[in-house]
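Undergrad: One structure is given below, represented as structure tokens, and several questions about it will come after.
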Amino acid sequence: MAEAFLQVLLENLTSFIGDKLVLIFGFEKECEKLSSVFSTIQAVLQDAQEKQLKDKAIENWLQKLNSAAYEVDDILGECKNEAIRFEQSRLGFYHPGIINFRHKIGRRMKEIMEKLDAISEERRKFHFLEKITERQAAAATRETGFVLTEPKVYGRDKEEDEIVKILINNVNVAEELPVFPIIGMGGLGKTTLAQMIFNDERVTKHFNPKIWVCVSDDFDEKRLIKTIIGNIERSSPHVEDLASFQKKLQELLNGKRYLLVLDDVWNDDLEKWAKLRAVLTVGARGASILATTRLEKVGSIMGTLQPYHLSNLSPHDSLLLFMQRAFGQQKEANPNLVAIGKEIVKKCGGVPLAAKTLGGLLRFKREESEWEHVRDNEIWSLPQDESSILPALRLSYHHLPLDLRQCFAYCAVFPKDTKMIKENLITLWMAHGFLLSKGNLELEDVGNEVWNELYLRSFFQEIEAKSGNTYFKIHDLIHDLATSLFSASASCGNIREINVKDYKHTVSIGFAAVVSSYSPSLLKKFVSLRVLNLSYSKLEQLPSSIGDLLHLRYLDLSCNNFRSLPERLCKLQNLQTLDVHNCYSLNCLPKQTSKLSSLRHLVVDGCPLTSTPPRIGLLTCLKTLGFFIVGSKKGYQLGELKNLNLCGSISITHLERVKNDTDAEANLSAKANLQSLSMSWDNDGPNRYESKEVKVLEALKPHPNLKYLEIIAFGGFRFPSWINHSVLEKVISVRIKSCKNCLCLPPFGELPCLENLELQNGSAEVEYVEEDDVHSRFSTRRSFPSLKKLRIWFFRSLKGLMKEEGEEKFPMLEEMAILYCPLFVFPTLSSVKKLEVHGNTNTRGLSSISNLSTLTSLRIGANYRATSLPEEMFTSLTNLEFLSFFDFKNLKDLPTSLTSLNALKRLQIESCDSLESFPEQGLEGLTSLTQLFVKYCKMLKCLPEGLQHLTALTNLGVSGCPEVEKRCDKEIGEDWHKIAHIPNLDIH
């Protein structure tokens with residue numbers, strides 16, 4: 001860690017010495033001496049870092065060095081702040097304030113020089129070797145791009161097949177809930193194997209639902225049950241007490257052949273496990289639990305089946321994995337390197353994580369000497385813990401370039417199993433000054449490069465892109481490595497980061513302290529803070545003393561109860577990130593927010609702000625501004641955005657306040673890093689003029705890099721001309737809502753990358769999503785070439801997608817939702833698999849559903865007019881597997897063509913108040929049906945004939961159907977003979 005921080009500090013010193021403002025303070029000679037001393041020490045740091053693992057005295061020496069380096073960094077920061085104040089106030093060199101500051105800093109400079117002289121002298125007794133750690137350039141053959149998927153899994157197909165067969169076949173005869181533990185040391189790939197099993201097609205067909213829970217250290221019954229419920233329902237449960245959670249989970253699992261994966265279990269308390277297991281025993285026969293753990297004791301406590309001990313990879317598979325990471329897609333590898341690689345792989349001991357890590361670090365090295373150094377390095381011989389491969393991983397760390405080392409080690413600040421957000425981590429790296437400047441690159445771009453390098457070297461895993469962010473995790477062993485790297489700075493007195501958390505298993509790491517609760521004295525005690533995280537602290541007020549934390553660069557106040565923030569917060573000249581998202585009572589930011597001259601990220605999502613702070617355009621470093629509320633007064637107008645180089649997403653609201661197109665000059669077309677843009681008008685705003693709004697929206701033309709576009713309540717009579725293939729060439733999602741005056745829709749069909757289109761509450765004049773190409777400047781046979789999801793709401797005159805059908809139109813469309821469009825008629829489409837239809841669709845529209853012959857899922861309902869459904873509706877739906885009718889208030893019977901759906905697996909009928917009967921011939925044709933659910937059909941008289949012949953039917957649910965429920969009484973009911981063979985009955 002130390003040499004990486006010194007590299008940053010030396011750059012800061014060099015920059016400070018070269019700045020003319022150093023003359024104000026007269027510290028040029030002192031800074032040059034500091035730089036010289038640090039440079040001398042830096043030359044031996046690599047050797048010191050390696051030797052500290054065996055020598056406590058060296059570890060203590062590094063602690064002293066870290067402490068001194070932090071102190072120098074503080075002094076430089078204070079000088080920078082004073083220089084800014086000097087420039088702004090235009091004080092003279094001999095102003096008492098300047099003289100006093102020079103005297104105070106001069107005294108501290110003298111003290112730190114004495115400390116460093118002692119540290120430099122002490123280093124001589126250790127006889128360190130000078131080693132220059134060079135930054136390695138990537139080889140020319142390095143693969144470009146970065147794929148968000150786990151690389152190929154080697155050597156686990158046999159294990160996957162064996163366990164899948166055990167889960168599916170052996171447990172069918174089990175009387176008690178089967179629990180199958182996978183046991184193995186850390187890094188063997190237990191989680192990866194469990195993921196393979198979880199996603200195996202045989203498992204998916206056999207179990208429903210499938211639930212995955214990462215248990216980790218915290219085996220809390222309430223937390224686990226809540227997580228399981230959330231995974232099943234895809235939302236957080238609205239109950240709080242344990243008993244309600246238990247009842248809810250049992251309702252969800254009752255009679256279900258579910259699979260529950262409990263990953264990374266550490267709990268060896270039999271009583272805790274018994275309590276959770278008791279709640280889970282309500283499933284159908286065949287329901288199973290798969291658990292992964294490092295500990296034999298956990299397996300013996302939990303398991304009802306013989307544990308599966310995961311073995312090491314074979315030498316062959318280990319070599320394949322190592323070579324894949326080391327050489328990528330390179331077809332021909334240097335045979336000498338391959339020979340050395342085979343020797344390195346032997347050291348990995350068949351542990352996949354070690355092979356991946358070492359292969360990753362050699363990916364960018366092609367000299368034999370570099371590979372031999374890895375093979376022969378003495379760190380291999382260090383003793384290991386019970387389940388640790390830290391020597392191998394520590395070697396990987398020491399081969400990282402300097403600018404990656406402390407960035408990686410910093411990840412130890414997060415608890416194990418934390419799902420981290422890449423973009424947030426980069427801002428924290430920036431706050432601590434870990435990122436070295438590179439030419440004209442923004443610091444965020446440098447951080448992105450660092451993150452990608454660490455990912456390619458296998459330090460990060462489980463990558464997932466969602467909602468504009470990249471989520472990832474760190475393997476437990478990698479986390480152990482990062483934690484071990486803080487041993488040399490654990491006693492450092494200069495705390496740089498405070499996290500207020502009440503997590504039981506969160507601990508202080510090095511310069512990052514964790515406290516259980518906030519108190520005002522906290523701010524007075526730690527004056528050198530770079531990062532302060534007060535999120536979820538239930539705070540209603542922030543003390544004005546926050547303005548005294550002059551070094552603060554990252555302030556997280558999210559999810560608190562603030563109504564306002566103190567104006568003194570605006571004294572934080574170094575603040576880069578201010579996060580107040582989801583402060584639901586915060587209706588204003590400080591008026592002097594524009595004085596936060598270093599601010600780069602202002603995160604305000606979920607705050608009911610009534611206005612944007614005035615003169616926001618003065619924040620020329622600003623990259624993130626979640627939204628902008630247009631005002632009519634100077635300092636609040638749209639022009640404030642003109643000179644901001646914004647990234648990510650922005651929502652611009654109250655555009656009705658823009659007076660004319662000149663005032664609409666926000667220079668959006670130059671904002672190449674803006675990914676998502678939302679623009680909205682207030683429907684109730686006064687003095688709205690259609691022609692003015694057309695000009696305003698024309699002036700808000702975005703950059704061609706835009707990917708997400710939303711337009712809400714636009715009052716113009718036509719959409720802007722920039723909605724075309726040349727400007728929106730990269731857009732993948734468009735949402736248009738409540739633009740009721742627009743007589744036709746833009747030519748969305750020509751957008752080459754458009755995957756998701758949502759149209760809501762449009763003009764009564766619109767009859768087709770896309771008119772003839774005669775209105776378009778761009779003609780193509782492949783209209784909507786990439787569209788996958790289409791959702792249309794409340795277009796009462798909409799007749800269809802296009803006037804003219806064609807095979808080359810909508811070739812990729814998979815999901816459709818047509819909601820409350822009564823005249824809509826479906827064209828012939830060959831790729832649609834999922835359809836949802838709501839509202840009083842007319843008979844022609846219902847019949848046209850048969851044009852979608854590839855449908856596998858259909859939900860249709862909220863129709864209060866139809867008394868019957870057309871026979872031809874189902875005639876060609878031979879692939880349909882899921883069918884749901886709901887809220888048909890006047891539907892009396894179902895079409896006989898329903899019985900032709902021989903691929904149907906699940907049929908749901910709900911809230912059809914007038915439904916009296918099933919088709920006369922029953923449901924005998926539904927030979928694949930496994931699940932039938934009928935709810936709240938109060939007029940239904942009986943279950944269909946032939947139900948007893950449906951041998952695949954395993955689940956029947958009936959509720960809110962009084963006549964049917966009587967006829968299903970066990971043994972005595974008139975319909976009992978129809979359902980007696982069904983294993984899972986839920987009739988109440």
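Keep in mind that glycine also has a Cβ here, set from the backbone N, Cα and C atoms.
Pulled these features from Swiss-Prot for this protein:
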{"type": "DOMAIN", "residues": "137-439", "note": "domain 'NB-ARC'"}
{"type": "BINDING", "residues": "G184, M185, G186, G187, L188, G189, K190, T191", "note": "ATP binding site"}
{"type": "REPEAT", "residues": "526-548", "note": "repeat 'LRR 1'"}
{"type": "REPEAT", "residues": "549-572", "note": "repeat 'LRR 2'"}
{"type": "REPEAT", "residues": "574-595", "note": "repeat 'LRR 3'"}
{"type": "REPEAT", "residues": "596-620", "note": "repeat 'LRR 4'"}
{"type": "REPEAT", "residues": "638-662", "note": "repeat 'LRR 5'"}
{"type": "REPEAT", "residues": "674-696", "note": "repeat 'LRR 6'"}
{"type": "REPEAT", "residues": "751-776", "note": "repeat 'LRR 7'"}
{"type": "REPEAT", "residues": "829-851", "note": "repeat 'LRR 9'"}
{"type": "REPEAT", "residues": "852-876", "note": "repeat 'LRR 10'"}
{"type": "REPEAT", "residues": "878-900", "note": "repeat 'LRR 11'"}
{"type": "REPEAT", "residues": "901-925", "note": "repeat 'LRR 12'"}
{"type": "REPEAT", "residues": "966-988", "note": "repeat 'LRR 14'"}
Undergrad: What other residues of the same chain, not counting G184, M185, G186, G187, L188, G189, K190, T191, have a CB atom within 8 A of the CB centroid of the ATP site?
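TA: Not counting the recorded site residues, we get T292, R294, L310, V351, P352, L353.
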Undergrad: What is the number of other Cβ atoms found within 10 Å of the Cβ of G189 (ATP binding site)?
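TA: A count of 25.
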Undergrad: Pick the one among the binding-site residues M185, L188 whose Cβ has the fewest other Cβ atoms within 10 Å in this structure.
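TA: Comparing Cβ neighbour counts within 10 Å for the binding-site residues M185, L188 gives M185.
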Undergrad: May I ask which of the stretches 674-696, 751-776, 901-925, 966-988 has the most CB pairs under 8 A with the repeat 'LRR 5' (638-662)?
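TA: Out of the listed stretches, 674-696 contacts the repeat 'LRR 5' (638-662) most.
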Undergrad: Looking at the binding-site residues G184, G186, G187, which sits with the largest number of other Cβ atoms within 10 Å of its Cβ?
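TA: Most Cβ neighbours within 10 Å: G187.
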Undergrad: Among the binding-site residues K190, T191, whose Cβ has the fewest other Cβ atoms within 10 Å?
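TA: Relative to the other binding-site residues in K190, T191, T191 has the fewest Cβ atoms within 10 Å.
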Undergrad: I'd like the per-state residue tally for the repeat 'LRR 14' (966-988) from DSSP, helix first, then strand, then coil.
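TA: Across the repeat 'LRR 14' (966-988), the residues distribute as 6 helix, 4 strand, 13 coil.
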Undergrad: Reduce the DSSP letter at K190 (ATP binding site) to three states and note it down.
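TA: Looking at the DSSP assignment, K190 (ATP binding site) belongs to a helix.
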Undergrad: Do any residues of this chain, six or more beyond the ends of the repeat 'LRR 2' (549-572), have a C-beta under 8 angstroms from a C-beta of it, and if so which?
TA: 74, 77-78, 81, 427-428, 430-432, 523, 527-543, 578-593, 595-596, 598, 603
Undergrad: Over the span of the repeat 'LRR 9' (829-851), count residues by DSSP class, listing helix, strand and coil in order.
TA: 9 helix, 5 strand, 9 coil
Undergrad: Can you give me the average pLDDT across the repeat 'LRR 9' (829-851), rounded to a whole number?
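TA: For the repeat 'LRR 9' (829-851), the model's average pLDDT rounds to 95.
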